[in-house]
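Engineer: Would you mind keeping the following structure in view while I ask a few things?
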Amino acid sequence: MCPAHSCAVFLQLACCCGSAACSLCCGCCPKIKQSTSTRFMYALFFMLVTVTCVIMMSPTVETAMREHIPFFTEMCNKLNAGENCSTLVGYSAVYKVCFGMACFFFFFFVFTIHVRTSTGCRAAVHNGFWFFKFVALLACCAGGFFLPNQEKFLEVWRYVGAAGGFLFIIIQLMLLVQFAHRWNQNWSSGVKYNKIWYAALALVTLVLFSVAVGALVFMIVFYTDPEACFLNKLFLGVNGGLCLVVSLLAISPCIQTFQPTSGLLQSAIISVYVMYLTFSALASKPVEMVERNGKNVTVCVFPYKSGLQSDTNIVTGVGTVILFGCILYSCLLVVKKKYYSFLKRMIFLYFPEDYDDEKTAGGQNVKYDERDGTIYSYCYFHFVFFLGSLYVMMTVTNWFHYENAKIERLLEGSWSVFWIKMASCWVCLFLYMWTLVVPMLFPKRFQA
């Protein structure tokens with residue numbers, strides 16, 4: 001074995017069993033920061049458990065495993081997992097697995113409180129020892145199946161999951177509002193150096209508003225009916241009107257006086273997201289039927305189906321991908337050092353420019369960007385993943401309609417999902433509106 005290869009193997013072992021940063025084996029890969037490597041590994045753990053939960057909620061996968069895995073029934077009997085491993089599938093299994101994942105991240109949330117430097121032992125555990133942490137995660141997830149009084153546990157844990165899921169949604173919406181403001185501030189600052197940024201701002205704003213208006217028209221056409229769907233008409237009017245209000249507020253003189261960088265780009269981003277949430281809410285509402293020509297006709301639904309099961313699977317697959325994307329975005333967009341909540345202060349993220357590189361022989365280079373201190377909050381990072389675990393649990397099991405939940409029916413209607421998504425629209429609009437008016441209400445807090 002060549003020395004370079006031996007060194008690469010040693011460094012990968014140091015990543016798994018020590019505090020060294022993880023990297024890919026290919027040396028041609030771009031450099032990776034230590035902080036990014038750490039977050040990627042935790043996200044990988046999170047996604048592995050999430051995919052496992054999706055499989056547990058899929059009768060299609062369960063049937064395929066039963067048909068294609070040799071001695072499947074015998075294996076289930078030896079594991080005392082019930083007939084066809086019934087205790088390892090369904091909403092109760094997802095609750096137990098997500099309980100283990102939530103405990104894993106909650107432990108690290110408590111463990112990393114007030115960590116300010118990456119040289120301490122707690123930071124070393126956070127940034128390394130991945131093999132042992134993976135074993136610990138598996139033990140936590142498996143431990144959920146051995147809890148006593150499981151009926152009582154599932155009942156209590158359901159409400160804990162709902163509270164955590166709601167809080168995760170709020171954090172997700174706050175991050176979206178921050179993203180909208182930061183995008184506009186960054187592009188507006190580019191105008192000082194190149195006027196072409198004006199054209200870029202105008203073009204993107206126009207495209208986003210066109211998407212928002214097009215989505216509103218689409219929903220009016222397919223999700224309203226002259227004889228039914230009163231709630232659809234009401235909420236389309238309310239949400240469309242609120243988007244117009246925040247857009248006018250963003251460019252009003254009173255707001256511009258205290259926030260010169262406020263503009264239509266932020267409101268366009270918020271409007272598109274609100275229209276997406278509105279569409280998702282209307283698509284999640286139970287179907288309505290009216291009697292026409294002596295027959296009951298389903299109304300206010302988008303006729304995407306052509307009579308094939310593959311259509312439903314495609315739509316469900318797209319919805320699941322969007323779910324994963326939103327969760328990862330919220331979990332990985334962490335609070336950096338010197339970056340406070342936007343509701344308190346509106347400043348840019350701080351990115352240190354000078355890093356020490358370490359060459360990993362035969363593998364990817366790692367930038368140790370935390371030698372002078374942590375650049376993001378470790379405890380907040382784990383807390384968001386803790387809430388994300390609860391959000392996954394509630395979403396995959398269809399919130400309060402868990403008993404008949406299946407991943408193939410992720411997008412089928414239920415009133416609880418409808419109201420959660422509709423409330424998310426209003427919370428998002430309220431948060432954005434608050435960030436517009438708060439500098440006017442408390443000007444001293446935003447003075448340089």
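Glycine residues also receive a Cβ, built from the backbone N, Cα and C atoms like all the rest.
Not my notes, these are from TrEMBL:
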type	residues	note
TRANSMEM	40-58	transmembrane segment
TRANSMEM	93-115	transmembrane segment
TRANSMEM	127-147	transmembrane segment
TRANSMEM	159-177	transmembrane segment
TRANSMEM	197-222	transmembrane segment
TRANSMEM	234-251	transmembrane segment
TRANSMEM	263-283	transmembrane segment
TRANSMEM	314-335	transmembrane segment
TRANSMEM	375-397	transmembrane segment
TRANSMEM	417-442	transmembrane segment
Engineer: Test the contact criterion for the transmembrane segment (197-222) and the transmembrane segment (263-283): 3 or more CB pairs under 8 Å, pairs 6 or more apart in sequence, then answer yes or no.
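Structural biologist: With 3 or more qualifying Cβ pairs, these stretches touch.
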Engineer: Between the stretches 40-58, 93-115, 159-177, 263-283, 417-442, which wins on the count of C-beta pairs under 8 angstroms to the transmembrane segment (375-397)?
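Structural biologist: So the stretch in question is 93-115.
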Engineer: Apart from its near flanks, which chain residues at least 6 from the ends of the transmembrane segment (93-115) lie with a Cβ under 8 angstroms of it?
Structural biologist: 46, 49, 52-53, 56-57, 87, 122-123, 125-126, 136-137, 139-145, 147, 150, 154, 157-158, 161, 164, 374, 378-379, 381-383, 385-386, 389-390, 392-393, 396-397
Engineer: Would you say the transmembrane segment (234-251) and the transmembrane segment (417-442) are in contact under the rule of three or more C-beta pairs closer than 8 Å, pairs 6 or more apart in sequence?
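Structural biologist: Output yes: the transmembrane segment (417-442) sits against the transmembrane segment (234-251).
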Engineer: Looking only at residues six or more beyond either end of the transmembrane segment (263-283), which have a C-beta under 8 A from one in the stretch?
Structural biologist: 176-177, 179-181, 183-184, 187-188, 201, 204-205, 208-209, 211-212, 215-216, 218-219, 223, 232, 235-236, 239, 242-243, 246-247, 250-251, 300, 302, 411, 413, 417-419, 421-422, 424-425, 428-429, 432
